[in-house]
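Summarising the annotation, Swiss-Prot assigns transmembrane segment to 44-64, 85-105, 109-129, 185-205, 214-234, 247-267 and lists sequence analysis as the type of evidence.
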Amino acid sequence: MDIVLLVKAAVMGIVEGLTEFLPISSTGHLILAGSLLGFDDDKAKVFDIAIQTGAIFAVILVYWQKIHSTVVALPRQAKARRLALNVVIGFLPAVVLGLLFGKMIKAHLFIPVVVASTFIIGGFIILWAEKRPPGSVRIEHVDDMTMWDALKVGLVQCFAMIPGTSRSGSTIIGGMLLGLSRQAATDFSFFLAIPTLIGAGAYSLYKERALLSVADIPLFSVGLVFSFISAWLCVRWLLKYISTHDFIPFAWYRIAFGIVVLATAWTGTVVWAE
């Protein structure tokens with residue numbers, strides 16, 4: 001296989017890993033990187049599933065101890081059952097809305113003005129969320145969330161169907177605005193990512209199954225490995241970062257990136273569409 005193509009796969013994997021779990025929208029960055037690298041044909045849709053899988057493996061590894069202890073404790077601990085149920089409840093709204101409106105959103109909202117607007121608006125929402133008064137935090141730990149809290153975060157996650165919004169951004173910042181601490185919102189966002197990304201990937205794999213080829217295994221493997229490594233490093237870094245910092249730098253980054261989207265679309269440098 002062409003070494004240049006493998007290098008492109010590695011770059012795309014790194015972009016996915018670094019952006020999937022930060023509140024900056026992996027979709028927008030993958031579109032930009034794919035367009036600049038010439039890695040944006042139909043096969044790229046299947047490749048996106050591979051690199052997303054690498055990111056899923058990374059977050060599972062980082063949270064493995066918590067996931068394992070929760071699963072083992074399900075028969076005897078109400079706290080474990082509540083967390084598992086909350087993840088399921090938070091996951092369901094995206095499933096329903098995705099099946100009902102997924103095609104329509106991809107057909108009508110994947111345009112530069114929408115992508116740029118969601119980047120910029122999302123940036124200002126982060127700035128607003130970080131200005132919360134100290135007493136607005138109701139929930140310090142993810143285990144203390146109620147089913148109602150989980151449902152509300154799950155509903156907020158549905159906004160991530162709009163390109164440029166960011167799944168992690170919507171759930172983390174949405175959770176904070178709903179009264180979760182920065183740590184609790186981030187933890188629940190990562191737990192929620194596991195079924196959400198697995199479900200979306202499985203559905204996309206089924207839809208694009210005609211594009212699968214054994215010859216592409218090396219390409220997909222490279223992307224998956226680099227996505228896994230970069231996502232693992234990114235998640236570990238973010239968990240340390242939020243213990244002493246806020247999300248304001250990401251807000252300004254989003255606003256700047258939204259301007260980049262408009263500029264590249266206006267000049268024709270990047271084709272912001274599927």
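Heads up, the Cβ atoms here are built off N, Cα and C, so glycines get one too.
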Item to complete: Please work out whether the transmembrane segment (85-105) lies in contact with the transmembrane segment (44-64), by counting C-beta pairs under 8 angstroms that are 6 or more apart in sequence and asking whether there are at least 3.
Response: no
Discussion item. Considering only Cβ pairs within less than 8 angstroms, which of the stretches 44-64, 109-129, 185-205, 214-234 has the most against the transmembrane segment (247-267)?
Written reply: 109-129
